[in-house]
Each structure stands twice: as C-alpha cells, then as structure tokens.
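Read the structure below first, then the notes.
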Amino acid sequence: MPLKNPMLKDKEKFQQSSINEEHMTVGGTVAKTFIYLILLLGASLYSFMQIQKGTMGMKTSVGLIIGILIASFVISLITASVPKIAWLTAPIYATLEGVLIGFISTMIEHKYPGIVLQAVLATIAVVMAMLFLYVTRIIKVNEKFLNVVKIATLSVLIIYLVDFALMLCGVSVPFLHDSSPLSIGISLLIIGIASLNLLADFFLIEEGVNAKAPKYMESYFGFALLVSIVWLYLEILKFLEKIRK
C-alpha cells in the first residue's frame, strides 16, 4: 500500500542556518537521494533472493509486509515533524521500502514477466519528465500549487488507510483493485498526483537552497524525493498489473 508523501512543507517553515553553519545545496541533496536509492535497490535485491531461495513466501511474509507498512508510515511522520533526524530515518526507510518493493515486485513479476522492468523504466521517464517540466518552468509551482497537491495527496492517503483497514477485516474495495475502466482511471489519477509531488519536492528543494537552509535539510529532502519516487513506482506497477489483467 503506497503512502502519501508527508514531507511537503510550506517554505515559511524553513529554518535558516546560522552564520557558521553549512547550508544545504542541490548537489548535496541529489547525492543523498542517490545513496537512499542504492540502499533501496540493495534491499530489494536481497528480498528477491530470499524469495527465490524460498526463505520468504506469501504466508510467512504477510506479517512482515504489514509491519513494514506501519513502520514506514510512522518513520515518515516522525521525519516530517523532526527533519534533523532524517540522516538516521532516511536509510532505515529506504531499507524497509526496499524489502517491501522487492517482495511485491517479485510476486507480480512471476505472474506477469517483464512488468517490473516496464514499471522501472516508466518511473524513470516520469521523474525525468517532471524535472524537465520544472526546470523549464512549463509548469509553474507556487503556494497555491502546493496546497492543491497537499489536499489531493491527503485524500489518497485517507482512501488507502480505509482500504488497508478493510483489507485487515477481509474486505476488498473492488474499484481499487480490479481491472475495470473505473479502477484503471483511478490508478492514472493517483499516478498523476504522485507525479505532482515530485514537482513540489523540486520546488521546496530550490526554496531551501535559496533560503540557506541548514545542511541536514539535504537528508530531509532526499527522504522526501525517495518517498515520492517509491510511491510513483508502486502506483505505476499497480497500473500495469491492472492492464495485464
């Protein structure tokens, strides 16, 4: 179950660095994001190998997956409230999400060979497209844009939390999981919202640099980008699975 990106904050909430404190940079943020992505990839490969060995199976992994979902959500909320600890929480989150993504991707890949590569390539394409749209200012991001993204993202979060609670009770919401035109349309809408989160991340990173935010914010925004990318990948994978059905 993908979760919202809780990292979005108004630019007024940036804390400026002191005179003697290092400032965050775009390069530093990108570097930390890549580190987290490498951790995520490593954990995904580990999860994949464990499934291949038979160490992890559907029955034995349900509890683990639920635990990871809850832990990831809690870590996201804590990091959103206390950005200074992102240097610690971001690697933990990346590792947990890597295990989750590895498990989900392997299970779906067994059913639909080649689907994971398609999802990865599509995710990379969307990230690059959003970066291009932001850098060229084809889409202009402002406070109104951020508020719309927040509301849309919060709405998706509420839907997924309700779906998760119903799933624990053995109830499935058809239009979220079947391959009907409505379900596919909802998936496309959510992919769009996840993509807009990337634009919001790029904007806030730029605002942080301009505001001379402290160095630890690099870890924070690297975390934010990771959350958005993970969410986007899972939604694209889910969409492709519906199409294959």
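For all residues, glycine too, the Cβ spot is worked out from N, Cα and C.
Over in TrEMBL, the protein carries these features:
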type     : residues : note
TRANSMEM : 33-49    : transmembrane segment
TRANSMEM : 61-79    : transmembrane segment
TRANSMEM : 85-108   : transmembrane segment
TRANSMEM : 115-139  : transmembrane segment
TRANSMEM : 151-175  : transmembrane segment
TRANSMEM : 182-200  : transmembrane segment
TRANSMEM : 220-240  : transmembrane segment
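With a cut-off of 8 Å between Cβ atoms, the residues of this chain six or more beyond the transmembrane segment (85-108) that come close are 32, 35-37, 39-48, 51-52, 56, 58, 61, 64-65, 68-69, 71-72, 75-76, 78-79, 115-116, 119, 216-217, 219-220, 222-223, 226-227, 230, 233-234, 237, 241. Beyond the transmembrane segment (182-200), the same-chain residues lying 6 or more positions past its ends with a Cβ under 8 Å from any Cβ of the stretch are 2, 5, 8, 126-127, 130-131, 133-134, 139, 141, 145-146, 149, 152-153, 156, 174-176, 225, 228-229, 231-232, 235-236, 238-239, 242-243.
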